[in-house]
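Undergrad: Would you mind keeping the following structure in view while I ask a few things?
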Amino acid sequence: MRFDCIERRFAHAFGAYSGVVVRHPFPFFIVPILITAALTTGLFRHEQAFMKDELELYTPTDAQARKELDQLDRLFHINDSDPFYATRRYDIRRAGYIIVTNQEEDGDILNPLVMHAAMQLWSIVQSLTVEDEDDRRINYPSICVKFPIPPEFSKALHSLFSPNMTTPEEICVSNPLVEIFKLLLVSDRSFLNRSIDEMTLSQISDAIQFDSGGMTHLLGGVTLDDDKRIAGAKAMLLPYALRHSSDDEDWVAEKWEVRLADFLLQYDSPIIRASWWTYETLAAESARDRLQLINMLLPCFVCVSIYTIACCCVFSWRRSRPWLAIGGVISAAMAIASAVGLLLLAGYGMTSVAYSMPFIVFSVGVDNVFILLSAWRSTSSTETFKHRMEETFADAAVSITVTSLTDLISFGVGCATPFPSVQMFCAYAVAAVVFTYIYQLTFFAAVMVYTNRREINNRHCITFHKLKRETLPEKVAAKGDRSFEKNSMLAQFFRTTYSDFLLNPLVRIFILTCFCVYLGVASYGCTKVKLGLEPNDLLPENSYGKRTLMMAEKYFSDYGSSLHVWMYNLSEVNVAPRKIWNVLEKEVELYEHTEFTAGSDSWLRTFLAFVKQAGLLITPENFVYILKNVFLSQPQFAKYNRDVVLSDDGEHLEASRIPVQLRHVGSANQSRAMRLFRKLAETSELQTGVYADFFQFAEQYNAVLPGTLSSIAYAGVAVVAVSLILIPEPVASLWVSFSIVSINIGILGFMTFWSVRLDFISMVTIVMSIGFCVDFAAHLAYNFAKGENIDAPERMRNALYAVGAPILMSASSTIIGVSFMASAESYVFRSFLKTIILVILLGALHGLVILPVLLSMFYCGGSSKKAKEHMDAVDQKLQAQYNNPARTASIQYLSNPDLYTMPPPNVEFSLSTLEFNRTQTRPLGAPPPISGSPKRELSGISGPPEYEEHDSSGLSTFGVAPAVVANTTGMIPMRAKLKYPTNMTTAQRRESESRTTPELYYPS
């Protein structure tokens, strides 16, 4: 059953459209150029539209963590002017740190020499200055966030200097240990009759008197003595925080962070090593890859152009198509420029991930050049130029439409994913695919008209000067090989040798066996797929930020950031007869005793201890009053003011927040930790919220798998629908659908073996692969389904002849184009490269090996029996019409004369006569046996000839002298010769042929 009504109408429409392009090519050539020139002005907005890489771009837009952060900020909002309490900060903007380690690997940093070097480094950092808008010099103390002097800090100063000395109330965010050491060095005091040379850091530690539960989050790789006091450490954290509440402050803070990074890049010390992370690190380091990709665009354009030119050229100055190849490359480049320019003019932003789009779309956009060129070469050279162009577009444009629609659907589904960076990438890709399709039907079609006219007029492919008639080697002429005029040797290879190879039963069994093994191995890989993108994967391989993240996880993972736990709407809760403070305390204890948490800095616990120490009695009636007017009014408890929210009337407790210390939370268990905390919140009898700074990034672990599967499902259904509509054979469309499933299983499975995780990057390439893998499968399936009353092996030959070479060239050109992304150092672009290579290789493997075998084995639309009945009916009709059974012997081959070779004729015959070699052994009129081979002989001579007019020079159209074929006998002329006036020149005959149909005659 065939559903080709839509396909036939599309083919007819494209054929008619090509006629318009043939008659008026110039408007189709110049208008796309003008449109591109106009839209390219949007590229000047490129710098303004670029969006810095921030974690929000790589986390789902519908992530629960975004809502949790909004609620936390709404209930417990913190301003830059508020005192800085690290455990209560949930905003990581304009904050960073420097990790100081010993120059020796894992050396101890708690010695005066290292501390002195660290103090000097921190002093220089504090003195770094930038200019604000008024050209004022701004240093760190001018823009830092302040935090109150810790009690340990004041106590240490008093013990080291004098009990009566005054200390500042606030200092900039830093490491208190370094600040104390700095005061020791710059002070002229006697340190209680001890010199700094006599003083060891252990003595300073004794004076500071902080234990392993105090400020250990500022020291990494800590070792403890028997009394569980700090005996040594391998790393020290120097934190900083900058004010950024206004745009002006944020701009100055950004400049200072850039200045800090520039300084540390040049910093060198023989004693310590510094690793650092700033809020600008991700954006600055990913910009390196962005600039590298921009620099690779021109080499990519040049290399793909050279390869396309090589694929479009043959050993003939007339039949080579270098300008057609250049036109195809320029068409793809214009489409990308137009798409990017249009979206930039429309106000779209652009992320670093979107910079990989030109490499992908450009490489794929060039592919259709090979399809159109193959379709042109498959047309009959005896037809008029207009008719050949109509056949070319009727044949190839539908196939191109199918692949363009599938690519458009895949990228369109990608626009619906929850990841902002993927949405931007796919938005640019959708626009680029649309422009690529439009420009191929306009600009490239016009280029094709001009280059085809040049070939028809026998002009040089580069200089366009008139050529002499080409001559064939005598050996080729004797064989009558005219395949050079049609398609490349590679196409002939796919039709003959390669098709014979695939039709071999043993080869088919071997291919199907390997295919089953492939599915088994890929399915096993799917079970081992790893989920999620780690933060350091967004950075280049040799990035200082990547090294810093590794150091932070190595030395400071035990004591990470804080988990914020809050209970809200408490004024609406009735817990009687229990006390609200007891219920809150029980809730907090749940979060303190997990594998990912330690203790908490609970205001409630401190409040209860304060009440007990003061001898106060609290009741439900006076609880809020004592909390508000007695406890929170004490200066030492000021940090708890941001942990308590009272009702508008001040009579009820509305919300409570407790920061819980996190520990042992790394990239490997972030998702599990987040799920655990949320489960505790869901099962609480109070309305509870939880949030930690890793939640937003951990959200992708939960979103990427269902997002990938749903996107594959949506895109797959849409692509299958397009295939069913535009591919005339439903069976072929179903095999295309099977190829989609098989290729996606292969991508998911083998990317695991290639160390590629399932994250938002591989997700978009997998969804994109649905369109790309259909490109190859749809081209082959569409050409396999064309025609009626043709058996499956012959359909496979025709399909491989038409698109085998283009698929191979397209796959190789795409790999060449995307290989330039290997110059980028980050995992993001390398992941892109690996998954796209998998897509192309698996797609080409299915299109050239697996799908031909499956279609030819399981195709039942046009059986050999039906085809034989059709040919018998044609034989009977011709026999009744001409009463000459011998003539019908090879009439069936007229539908595809390129399958057979024949020496060019040196004599003319009428259609009413057929001559055979008298030495033939086969009885006259007996039809030749039909076999699967493309070479079929009749009386020892190949199939039907094609007649061309003779030059006045005595050479045939193919440059074969009559002497070469003088001894050729047994001709089977199958076409009438066109009758022209004897005094017409060759050029006049061609001109007459293009205008009218000459009178046919049958020479005797």
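Including glycine, each Cβ sits where the backbone N, Cα and C put it.
Because TrEMBL annotations are produced automatically, they should be read as predictions rather than curated entries.
Pulled from TrEMBL, these are the listed features:
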type: DOMAIN; residues: 319-450; note: domain 'SSD'
type: REGION; residues: 920-955; note: region 'Disordered'
type: REGION; residues: 981-1004; note: region 'Disordered'
type: TRANSMEM; residues: 26-44; note: transmembrane segment
type: TRANSMEM; residues: 296-317; note: transmembrane segment
type: TRANSMEM; residues: 323-346; note: transmembrane segment
type: TRANSMEM; residues: 353-376; note: transmembrane segment
type: TRANSMEM; residues: 427-450; note: transmembrane segment
type: TRANSMEM; residues: 501-521; note: transmembrane segment
type: TRANSMEM; residues: 703-727; note: transmembrane segment
type: TRANSMEM; residues: 734-754; note: transmembrane segment
type: TRANSMEM; residues: 760-778; note: transmembrane segment
type: TRANSMEM; residues: 799-824; note: transmembrane segment
type: TRANSMEM; residues: 836-861; note: transmembrane segment
Undergrad: Roughly where does the domain 'SSD' (319-450) sit in mean pLDDT, to the nearest integer?
TA: 86
Undergrad: With the transmembrane segment (353-376) as the reference, which stretch in 296-317, 323-346, 427-450, 703-727, 734-754 has the largest tally of C-beta pairs below 8 Å?
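TA: Stretch with the highest Cβ contact count: 323-346.
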Undergrad: Mind checking which residues reach the transmembrane segment (703-727)? Cβ under 8 Å, same chain, six or more beyond either end.
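TA: Contacts with the transmembrane segment (703-727): 3, 6-7, 10, 60, 63, 398, 401-402, 405-406, 409-410, 413-414, 416-419, 531-532, 733, 736-737, 740-741, 744, 758-760, 763, 766-767, 770-771, 774, 778, 781-782, 785.
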Undergrad: So if I exclude everything within five residues of the ends of the transmembrane segment (734-754), which remaining residues of that chain have a CB under 8 angstroms from its CBs? That is, six or more out.
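TA: Residues packing against the transmembrane segment (734-754) from afar: 518-519, 521-526, 528-530, 712, 716, 719-720, 723, 727, 762, 765-766, 769-770, 773-774, 777-778, 781, 834-835, 838-839, 842-843, 846-847, 850-851, 854-855, 858.
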Undergrad: In terms of Cβ proximity under 8 Å, which residues at least six beyond the ends of the transmembrane segment (26-44) contact it?
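TA: Cβ under 8 Å, 6 or more out: 331, 334, 337-338, 340-345, 438-439, 442-443, 445-447, 450.
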Undergrad: Taking helix as H, G and I and strand as E and B in DSSP, count the residues of the domain 'SSD' (319-450) in helix, strand and coil.
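TA: So the counts come to 110 helix, 1 strand, 21 coil.
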Undergrad: Determine whether the transmembrane segment (296-317) and the transmembrane segment (836-861) share at least three Cβ pairs under 8 Å, counting only pairs 6 or more apart in sequence.
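TA: Between the transmembrane segment (836-861) and the transmembrane segment (296-317), which are separate recorded stretches, there is no contact, as judged by 3 or more close Cβ pairs.
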Undergrad: What residues in the same chain, six or more past the boundaries of the transmembrane segment (501-521), come closer than 8 Å to it by Cβ-Cβ distance?
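TA: That would be 742, 745-746, 749-750, 793, 796, 849-850, 852-853, 856-857, 932.
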